[in-house]
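What follows is a set of notes on a single structure, which appears directly below.
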Amino acid sequence: MVNFTVDQIRAIMDKKSNIRNMSVIAHVDHGKSTLTDSLVSKAGIIASARAGETRFTDTRKDEQERCITIKSTAISMYYELTENDLAFIKQCKDGSGFLINLIDSPGHVDFSSEVTAALRVTDGALVVVDCVSGVCVQTETVLRQAIAERIKPVLMMNKMDRALLELQLEPEELYQTFQRIVENVNVIISTYGEDEGGPMGNIMIDPVIGTVGFGSGLHGWAFTLKQFAEMYVAKFASKGEAQLSPADRCKKVEDMMKKLWGDRYFDPAGGKFTKTANGPDGKKYPRTFAQLILDPIFKVFDAIMNFKKEETAKLIEKLDIKLDTEDKDKEGKPLLKAVMRRWLPAGEALLQMITIHLPSPVTAQKYRCELLYEGPGDDEAAMGIKNCDPKGPLMMYISKMVPTTDKGRFYAFGRVFSGVVSTGLKVRIMGPNYTPGKKEDLYLKPIQRTILMMGRYVEPIEDVPCGNIVGLVGVDQFLVKTGTITTFDQAHNMRVMKFSVSPVVRVAVEAKNPADLPKLVEGLKRLAKSDPMVQCIIEESGEHIIAGAGELHLEICLKDLEEDHACIPLKKSDPVVSYRETVSAESDQMCLSKSPNKHNRLYMKARPFPDGLAEDIDKGDVSSRQELKTRARYLADKYEWEVTEARKIWCFGPDGTGPNMLVDVTKGVQYLNEIKDSVVAGFQWATKEGALCEENMRAVRFDIHDVTLHTDAIHRGGGQIIPTARRVLYACQLTAEPRLMEPIYLVEIQCPEQVVGGIYGVLNRKRGHVFEESQVMGTPMFVVKAYLPVNESFGFTADLRSNTGGQAFPQCVFDHWQILPGDPKDAASKPCQIVADTRKRKGLKEGIPALDNFLDKL
């Protein structure tokens, strides 16, 4: 079944209960791409001999060179289960052939937006953890995202070869290591997931059920408890039991699996399982997992790595491993690889785990629909998604754009949730800003071609039914990054993805040769398409700004821009950080502004948010879409707001969703509602560009205390009210002790203990502070967690490596905003310097504008 044709894949696509859409997620360098190779080779796409070295899914040249995954890549594989294995599947199934759509995603935190895009189109995730270093910060971030999207995880403990060969652990220690990782992962799942009564049921991972795999991607071997349970069931079976039916056999194997993990012990003399650790004569029994599973593996490793020829031959015969003739002459590591691959093939174990335990689209879309679809839960589109109905209206989500070999064109990459997408079908293409009933951000166009994504290749295909992952040609001109494609007139959008990091680092770019400007603009447009996270902004001064998640992310983006998208030489500025403006006290006076015609007056004050509220708005716990009373209740209970005020929040800003509020605390003002729209517009404008240096505001609450208006409607139109509202908001900000906020990274550094001192030195120089330091159990490694201002993080990795002899590995991820100490109005302070630089860069007037510009006297 090596080169299966498109027609064969197409035939399985209709069996939607036999499709598995899954992504591989993990911390950077825990071996995702290497592990994916075992799966790909099992499905017969690359030669099994090279699996583990090819990294088939790293398609770009820079990915191969740097040995990191940068873009997520999709690949479709076919896998057939035997009769016996089919019995283990608890959901509905249709035949024994399975189509597995696998997406290999990057582990590096700067590319976590790629992971988000991958998660949206899949239903299950294979979480890979390096069993030596355990659960790291990125594992947690990504797993948290997966659970928020209601994606079912299964776990793979990778790099067991390191645990055996480098650390030389005892079987019992290794068991404890595994047990600890399983517990850590389950803690994360239970913290962020819904409880067992939720729509997904119990999603905790448990080796006993078979949702945990162990193995080594590099050597190409892996197993779950199921594989060993099957061996032992066959071994202990008496002669008459050989003809068991698959269902009975399945039950026996499942019973056996329960005995192979946890506090179960094996009495080798009597050949019995017991639950007590000590026998009657006081001698300790070995744990079943150590004795029956790890011990054989240890024996194989020991015999081969110590070149014990006779023992090796005996073991190979006993384990019934058939080696090729060329493998028989190998010794040492090459022989070890060959033997382990034959005995416990990784592809087999993992593909079984995926098909048995991950949900099919039919199962998953039932509980994912409410999270995916913005519209009502009972319209045609929602019903189509819930039932994964090929006869329903087409509903498809595009999660990212993939550049084609043809410069400047993109494949739209996404998943069909309901209906069928086919070549030449006329569809509605809806961007993220589309609202039902309006015409903006909506195009009616035919799809030119539908294609199948296969890692480095694409295959044309006639049509694709729901539950599958697909690429579209000819849609890229109408969407920027993501969007919904549908044939249903009243369809709402699919929800926009929430990214776990935000673009806080910016670089200004310009063309070296001014004549190339049009190419640069075109290139920036393409760059914005090709990366789910990056933002391209044009400042008023005419500068082109690129914003990304971190240094590495920006470096890759700029390289892409220069080589692929714009194809011109560029000049780049040093990286700059975006700041936020805020206030630190209540306004010291009531601020008044009069409208240009002197007939209307607005009175307002500003004050800071209580701690934690801005973060709640970012997370979406408090939002403009909530029901009034629930929101008021939440604010009253958690932040002790007055309920009357909490009910009269006019809006959030900037962009209607940001972490600032406009609250109406007036009593009985005439015509107030008629100017609401104008004041809100002024508020959105002011919070987007604050008074200090035109950066976004954050965590400011503006209270409208009183309004006097002209009785005549013509004298209080938008032209009178909007600029007035903006001026009074600026006055409020400047009278309430304005401050700047800077973004802070959470840095996790793994290092041996002898270099911890060097790390403290680097962090102190860069205004960082350590808030946690712990030792990884059973290893000489320390984990240091610290907060580091993004502004100081440039060159941090290089600095750290040079001070620790290259032994420390940092991971930076954006964590929170923090107020910069010092008053921006005081000429000697650091914030004042930053404000001056920013204003100069943006081409604004020097110095913070005087209060008199905004404040009027009665």
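Start at 1 and count along the chain as shown; that gives each residue its number.
Each residue, glycine too, has its Cβ placed from N, Cα and C.
Look at Swiss-Prot and you will find 17-362 tagged as domain 'tr-type G', backed by sequence analysis.
Non-local neighbourhood of Met160 (GTP binding site): Cys131, Phe214, Gly215, Ser216, each in the same chain, at least six residues away, with C-beta under 8 Å from its C-beta. Under the DSSP three-state reduction, Met160 (GTP binding site) is assigned to helix. Taken from Swiss-Prot, the feature GTP binding site covers 26-33, 158-161, 216-218.
Residues annotated as diphthamide in Swiss-Prot, with similarity to another entry given as evidence: His715. A sphere of 10 angstroms centred on the C-beta of His715 (diphthamide) encloses 14 other C-beta atoms.
When Cα-Cα distances from His715 (diphthamide) are compared across the binding-site residues Ala26, Asn158, Leu218, the shortest belongs to Ala26. Neighbour counts of Cβ atoms within 10 Å were compared for the binding-site residues Ala26, Leu218, and the top value is held by Ala26. Each residue in the domain 'tr-type G' (17-362) has a pLDDT score, and their mean in this model is 76.
Cβ-based neighbour count (10 Å, all protein chains) for Ser216 (GTP binding site) stands at 27.
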